[in-house]
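Have a look at the structure below, then the notes.
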């Protein structure tokens, strides 16, 4: 060990006469931070140099005066009490611990250079002389007086009477934190010192003041790192880490965990893994941070590998560990692994923790195991508002609107505190029911009763509900009731106008564009959701040109690579018939997620490029992206239009395999596909097996019977639909009239 002003330095590189190599030196000493180089010559002369900034610092510290040289007067310096003579910096160039052009440590222009002679090219020294052993550190030369003071005896070389010396040993000392990073992957002839060098002085002389940066306290470092984590500033976090290393400060496990969490939250998992690997001891928090970090950046497989590694080293896992692993399964839709972790939770005794109950509900619902999610919910002895919200969101996700309302009603009866998120989810379910406006107004009353009518989230959901049902006056009333509408509220109103376009109400699309202009006049910064919604509204005369202008604004706001906006652009160009422009947008998105792929597949189906849609599906599977229920619904539509029942059956099998057969939209697409393929029995079987039928389900089945001449079956189904209190839409009535027309039932049609 080496000590200076109370700081400890550890040997990170040591080479003898049999193993000098500038390459090895470079690999071991590629760092920033306080560094001491010590050399021994063939005449037993011992000398050294100090550099405050370490590896290749010439450019950054060209004018620094903190570097210095030193030597021992007595040959060999074997006595532990010998004090070296310091040669301070007096001017000239900086000090570099490693220089590519010269092959080794360099201090000043010629103050001290360890490495081979240089090769002159047109009067300029450009690199090591290949004839004298490139990369060989055994030669050293010195000239004092320019960058460093001369020796006290007036001699102009550190080595005394001779300007050069042959070395038998070189040692490099740095902070223990840096040294710990240099202990793997180096050649066997390089001695990496883990213990004190016996023949070195045990402490650095007191008159040599090494200018270490001042250390901060553990709480101060922690506060700085937490601030960097909160602001997701990786640069600030690295600066704090650099200060810890340069100050030779030894962090406790708590501070190391804070540092690890910073790297994970900022998304730099390579540095997080490197730090984790060098931690002398790790606790459960360390493992949890790494598992969550990999999950957040989407490397789910690696996250589960870390989880399994934690189990293999017998780390005591806590409920946060299991929750992180369940979150990975949710992201990866790995129902099988999720059930395995559920078993571990039961064995560990954490199953009664409401925190894990919520994670299990979320995992099962996102992996298609809605029955398992309901079982976990119903069997739990302790539920909080998050549990209820998770269950409601699960029902909304798969389209079980009636179950959503029943759960919400039970939640209200039990006195569970209603929050904007639960109310927003319930309003979303109301939008899909036949009596949506009546139910929505009831929920609206609850919102006013609990004082959330001015809440941004609840207000946005109410605007969405009213606008979806064509009640623009009510939507405008809610919009105007929000005291200070922000981007979210504007987005909901724009989305409400643009959504009416899908029902043929094109006159409202221009209103959506005008509302977008109003946002700009108020100086509000448009989000990616704003652009996405207004692009979907550009489906009216001259709207395509406006869409191009908005595309230009997207470029101006540097959002052209966003996958969410990319999906909206694909839809806009596809709906305008410019499918090739849609493909250009598709290929310009660097991170193509499932939404982007689904938009492109849907665009191909929309312009009757059905084979191209199926080809995209094969490409999607080949790169390992898992389709969602919307993707499969579009593909079933493609199969229906191609009348290829075999391909449709394969997609149906895939939907059952991944647990998407519970989704109403999948069942509706199956009915349509089988009906178009002429298999009315298969369509009817799908319809009968559905647990949650909406107006689309009934309409598709009625139209199926009508198209195949089964007029009596269509009319019977229509009466059954009325008995179930499902209000028909224009598609339903068209199917009934078609059935009457094909069956010659004029009186029934008139009735």
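Numbering starts at 1 and runs along the chain as displayed.
Yeah, the Cβs are placed from backbone N, Cα and C, and that goes for glycine too.
Those TrEMBL annotations? Automatic predictions, nothing curated.
The domain 'TLDc' annotation in TrEMBL covers 1-143.
Below 8 angstroms of C-beta separation, residues 253, 256-257, 260-261, 263-265, 267, 269, 272-273, 276, 324-325, 327-328, 331-332, 334, 337, 344, 348 of the same chain, each at least six residues beyond the ends of the repeat 'PPR' (283-317), sit close to that stretch. As annotated by TrEMBL, repeat 'PPR' applies to 283-317 (among others).
Feature annotation from TrEMBL assigns repeat 'PPR' to 384-418 (among others). Residues 354, 357-358, 361-362, 364-366, 370, 373-374, 377, 425-426, 428-430, 432-433, 439, 443, 446, 450, 452, 662-665, 691-692, 694 of the same chain lie 6 or more positions beyond the ends of the repeat 'PPR' (384-418) yet place their CB under 8 Å from a CB of it.
With a cut-off of 8 Å between Cβ atoms, the residues of this chain six or more beyond the repeat 'PPR' (593-627) that come close are 333, 563-564, 566-568, 570-571, 573-575, 577, 579, 582-583, 586, 634-635, 637-639, 641-642, 647, 654, 658. TrEMBL lists 593-627 (among others) with the feature repeat 'PPR'.
The repeat 'PPR' annotation in TrEMBL covers 694-728 (among others). Each residue of the repeat 'PPR' (694-728) gets a DSSP state, and the totals for helix, strand and coil are 26 helix, 0 strand, 9 coil.
Secondary structure of the repeat 'PPR' (384-418) per DSSP (helix as H, G, I; strand as E, B; remaining residues coil): 27 helix, 0 strand, 8 coil.
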